[in-house]
Structures are given as structure tokens and as C-alpha cells.
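Chemist: The structure is given below, and queries will be raised subsequently.
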Amino acid sequence: MTTTTDRPTVVLPEPDTTGTPRVRTKKPRLFSVGLPLALYLLFTLVPFYWMIVFAFRPAGSNSMLPWPLTFEHFDTVWNTLGFSFFFKNSLIVAALSLVLTTFVALATGYALARFKFRAKIPLVMALLCSQFVPGAMLLIPLFQVFREMNLVNNLTGLIVADTVFQLPLAAMLMAGFIAQIPVELEEAAMVDGCSRLRAFRIIMLPLLRPGLIAVGSFAFIGSWNNFLFGLMFISSQDKFTLPVGLSYTIGSYNVDFGVLAAGGLIAAVPVVAVFAVIQKYLVQGLSAGAVKG
Amino acid sequence: MNRRTLLRSTLVGAAATLVLASCSSETSLPDGALGDPNNAQLTFWDNNAGPDRTPLYEELIRRFEAANPGIDIQYVGLPSDSAQQKYQTALAGGSAPDLGIVSTAYLAPLVAQDAVISLDDFMAASPQRDEYDAGILESARESGGGEHLFGLPYTSNNATLWYRADWFAEAGIEPPDTYDEFFEAAKDLTDKDDGRYGFTIRGGAGSIYPLLQYMFASTGIESFFEDGESTLNRPEMVDAIERFAALYDVATPTADVNNGFPQMVASFGGGSVAMMQHNLGSLSNHEKALGDKAGAVALPRNEDGKRTVMTDPFPSYTVFKSSKHQAAAWKFLEFMTSQESQAYWNERVGQIPVNKAARSAPEFASMPSVQAALAALDDPKTVLVTPPDYLPDFGKIVQVQMLGQWQKVLIGQLSAQDFADDFAEKLDRSMAKYVARQGK
């Protein structure tokens, strides 16, 4: 029989009492982390690499690098194919659609999150179900409505269509963000003499910033990338948006990859830039509510 | 001013007006043509816009507007793969253009919807009526259902066998004139170790049209239907399909089973295949990639020495029924299909003008692809086969339903007989539906 004294002495590390987490100094896990990440990056970045190579190398070159560097494709798409005004149109449509979507989603989301009313469940169901309808099915009814309202071949029509299409998801997202801000904060402000609107403006809006950024950026990207509505509702070349302009570079017998890649880069740069700036808010906004505290 | 001077001035004025009027317009219009032929704002949709073709239309529009100051053309370029959807949505929404270019592959639905006008009366009154190629006009009539001309074609884009002239010269082989020579050349020019293949077979998007063109060209069968039944599963057709599919992975790259037009052009231009079948429209791709190393001949003859040419879907100008300016629209169409405009457009894209007078433009003489296609068209032994684009389901059958089946044939999962039977049955069913609808 052995006694406890026979056991080898084990020196346990001192418990960390400073309150700061210990930094783990393990070697990077090459196979479990590095390799999958490298594969994922390869999968994601190779198309971008090709886009850059095609956009910057001269036509007919087989170089694997964008060398000798040329800007001729950018010159063609921007000045000859009209991307300068496609870009401007896309910017106007996406920016106004962002503002409209965010504003209406904020109002709808607030109503859904804060008020109890009889039609609430049917309304939420309707918003959810509207997500099942593909955009192509909305085309003809929207076309007829827009024609009556003189909105066909008009950027305003496109802004309205994009907003309407994105609103259900945006409103549901916004309702989620608002619901996870304690209502007591607003109530406290109202007890202190604020009106509901003022309490919303000075208490809720700052707290909702990540949510607003998440919804707004989705609205911007959705509108920026929307090809179908741009193609269907606009019939003048000078009012086309970027996705329509891009498809215009692909003929049935001829695809100019250099021009297409240059146009693709022009279309991608603002989106990438927007995400680079807002990504910390976006992650914060999307993960808000994931852990209830 | 005495009476004589006044009379003389009036007569001179009237004569001058007549001369000016006849100069400004050489068009003769039928009675009842809608709208003022000299004053209109027209919306014109192009179904295949792009950096290579749009500038050509813009230049022609500029010329037309300079000659007809009262008419303003608003050009709208559409992406080729969404054009049909755009036409259909605009029609459903009541916003069709005045005129537009449509492919014969989707002209029939527009005719069935009563969306486009018959151009027969305009054509009968036109001073240019005898300048158009009768065979192509007839083909356009058939595509629209047979009786009337709903679309005015302006170019012909025949199936062509593109080949590497330098490889053929190295091997001491002449470009194939018969199908036996074609199959032999495909095998002789294959050197898998060197990454060279004799042919590229289209297995991906758009592969059924070229397959049908091959089937008719190699068998010499002259029509899609005989005695009301599809000819596609005749024993000769089944043999032809078997022989063609046997090239796959033997004299063609393995990846061909999924390849559409861009990949096929890339294989040919990139130097891995010796021959490819496509129409004249790919000329600019080959010129860019290969220069004068790319040669072109018409599709080979069949065993009887005949050349059977199944026409490609071709673009036509159509005038929409909703247009209030049909007379002015026709005037524009006449200008666009005049000798000068036809030569300008077609010599820049390397296709065949429908206006025969335009074919003598010197630039065509230096295009072997156009010369080969023209020689085939002018050969009295050549038989033209028009696909039944008028069938309501033809586009769907060819572009969607048979595509996966053909890929199965290529990889050996479906026999040529089953493929042909399935194809024929689908066409027979579509024809029965069409006949029933016509009978109503």
C-alpha cells in the first residue's frame, strides 16, 4: 500500500491572480490552422489575382504577372465604354438606396421590437415570406407599376426597386438589433423628461451604430451589385449601372477579358474599400445579440 | 413680278422640292405605313452589344441621322445573354422599343405574341427588294413561322471549320473537304504527349446547335421533319452521332465535355487543338490569337458530294407593333441593309452581308472564312436546312434539355440511339403542339 507521501511531488504553477489572460505560446498549428487557411485564401484570392493580371497586362500577353504594366483596359472601360457614368449612376443608386433602406428599416424595426400590436406576427411572417420570392418574379408587376408612375428608365425607379427588395431583410435585422438594447434605457430617459423621439435619438441611435452600419452596408452592396433591376428598368445607355455595364463587355462571340477584368476591378474597389473601413463595426453588429448578457 | 416669272418661279420651286424630297428619301412606303417617315424619335435595341460591335452601329446611326435630320435614333445596347428576357419583360410591361435586333432563335415567341409587324408590304414597296439574298430571306420567313417576313436579316453567320493552317502544312495535309478526310485529319493531328489534339468537340453550353449542323452536313438529310416526323433518329443520324462522339477524349481534350464557346476558342487560340467548328463570328478571336495561322473552310461535304448547311440563328431587324413610327423605322432598316451600310458592318465583323451587292466590297476578298462560306452558299449543290425555330419549345429543347444528354453520350453513359430517339421524340411532341395551336 502506498501512501500519499510516496507520490512524486508535483509543482503546480501559481494561479494567475492578475486578472489578465495568459498568453499561450504554442507553436502555430500548421496543419489544423495554417493549411486550411492557406487553401481558403488560395480559393478566394486566385480569381482576384487573375483579375488583376488581366486588367493590367496588355491584350494578347500570356504573362503570369501584370507586366508590362498597361492602363489601356482602364482607359477603354472608363472613357470609351462609359464606365465613368455607369460608376456615377451606381454610386447615386446605391447611396440613396442605403439611406432609404436604413431609414425605413429603422422605423419598421423599432415598431417590431418595441410595440405589441395585433398584426405583428402576420407582418413578421409576411416579411419573412417575401424573402422567398425571387427578384425575377417581381419584374413584370414592378414594371407595370413603374410605367404608371413614369419611373421606367429612371434612376429613381431603380432606387425604389432596390429599396423595396432589400427592405424585408433589413427590417428584420434592425428589429433584432433594437430588441437586444434594454428597453429600460429608453424608459429611464423618458422618466427624466425625454420624449420617445428624443430618447430614441440620444440613447438608442448611438447604441445602434453597429446595427445601422451592418444594415446600411448590406443595402449598399445589394444595390451596387443588383444586375437584374438595372437591366430591366433602365433603357438608356447613359443611365446604366455598373453591373449592366459589365455584362455589356461580354458579346456572344467575343469576350475581351482585359476590359472585363478592368471593369470588374473598378466595380469591386468601392465595395472592398467600404468593407475594409467598416468591417469592425460589421462583425460587432452581426455578432450582437449572439451572447445574451 | 409678272405672271410668267411667277409661274416659272413656282415651277422651279416645285421641281426643286421634288428633287430634294427624292434625294432625302429613296424609300417607297406601302399605303397606310404608320407615322411620318421623315420625322420621328426611334428607340432601337441591339441584342448583342459590346465593345466590338456597338461602335459600328453608332457610326451607322450617325450617318443615318446626318442624312435624315428629322429622325433621331436612340441606341440601347443589351447584353446578348439577357436580351430575350429584356424584350419579354418590356413587352409584358408595355414598353417595347420601336425597333430592335432579335435572333431567329427567339423570333417565334415574339410572333406568337403578336408583338412584331410583318415587313412584307414594306419589302414589296422597297427599291432594294431585289438586292437581298433570297435564300436567307426565305430562311428568315421559316424561322418566323413560314408565311411572313417578321425580321429583316442583315448578316449571315455560317458554320465554319476553323483549322491551324500551319499544322496542316507541317503534316502535309489539305484542309478537309469531306467528312472522311475530317475524321482522318482529326486523328492524324492528335499527339497527346505533345498536348495537341485534332479537334475540340463542344460539350458545354451551346453544344447542340453545332452538333445538329454536323449531323445534317455529314448525312445530307435535308430537313428536320419528313412526313411530319423528326429525322433526327434516322439510322444515318445515329451513325453520325456515334462517329462524332467517338472523337471525344481520343482526338479531343478530355475537358471538352464541359466546354462552351470561350473555352473552345481558348483551346484553339492557345495552340492545343487543330480544328474547331464554329461560325464566322469568331474570326476576330482567331485573328487576335493566331493571325494568319488560322484557316477556315466550310463544313465538309457528305458522301454524295453535297454540302448541307444548317443555318445558324441569325440576327434580324424587327419593328414592334406598339411603335407609332413604323414608317420611319422601315426607313432606318432600309438604310441599315443598304449596300454601303451592309459592307461597312459585315466587313468589320467578318460575316456575310444579306445585301448581295455589298459582297463585292474589296475587304471580303481577303477573308478566307467569308470566301469559303460564300462559295458554299453560291454552290448550286448546297442545300440549306433551316432549324424549326418556329416551334415553341425548340429553344428550350436545344439549349437546355438535350445539353446534359449530349454530355452523357460523350462520357459513354447514354447510347447515340437513345440520345437520338429522345431528341426526335421531343421535337415530334413540340411539332404536335405547334400544329394543334395553328389549327385553332
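Heads up, residue numbers simply count up from 1 along the chain you see.
Just so you know, glycine gets a Cβ as well, placed from its N, Cα and C.
Pulled the feature table from TrEMBL, pasting it below:
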- A:87-278: domain 'ABC transmembrane type-1' (DOMAIN)
- A:1-21: region 'Disordered' (REGION)
- A:30-56: transmembrane segment (TRANSMEM)
- A:91-112: transmembrane segment (TRANSMEM)
- A:124-146: transmembrane segment (TRANSMEM)
- A:158-181: transmembrane segment (TRANSMEM)
- A:202-224: transmembrane segment (TRANSMEM)
- A:257-278: transmembrane segment (TRANSMEM)
Chemist: Given the transmembrane segment (A:257-278), which of the listed stretches A:30-56, A:91-112, A:124-146 has the most Cβ pairs that are under 8 Å apart from it?
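Modeler: The stretch with the most contacts is A:30-56.
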Chemist: Mind checking which residues of the chain, 6+ beyond the ends of the transmembrane segment (A:158-181), have their Cβ under 8 Å from one of its Cβ atoms?
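Modeler: Contacts of the transmembrane segment (A:158-181) (Cβ under 8 Å, skipping residues fewer than 6 from its ends): 92-94, 96-97, 100-102, 104-106, 108-110, 112-114, 124, 127-128, 130-131, 135, 138, 142, 146, 151, 204, 207-208, 210-211, 214-215, 218-219, 222-223, 226, 229-230, 233-234, 241, 285, 288-289, 292.
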Chemist: Determine which recorded stretch among A:30-56, A:124-146, A:202-224 has the most C-beta pairs below 8 angstroms with the transmembrane segment (A:91-112).
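Modeler: So the stretch in question is A:202-224.
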Chemist: What residues elsewhere in the chain lie close to the transmembrane segment (A:202-224), defined as a C-beta under 8 angstroms and at least 6 residues from its ends?
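Modeler: Answer is 90, 93-95, 97-98, 101-102, 105-106, 110, 159, 162-163, 165-166, 169-170, 173-174, 176-178, 181, 185-186, 189, 194, 242, 267, 270-271, 274-275, 278, 281-282, 284-286, 288.
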Chemist: Against which stretches of its own chain does the transmembrane segment (A:124-146) lie, if we need a Cβ under 8 Å and a gap of at least six residues from its ends?
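Modeler: Non-local partners: 112, 152, 154, 157, 160-161, 164-165, 168-169, 171-172, 226, 228-229, 232-233.
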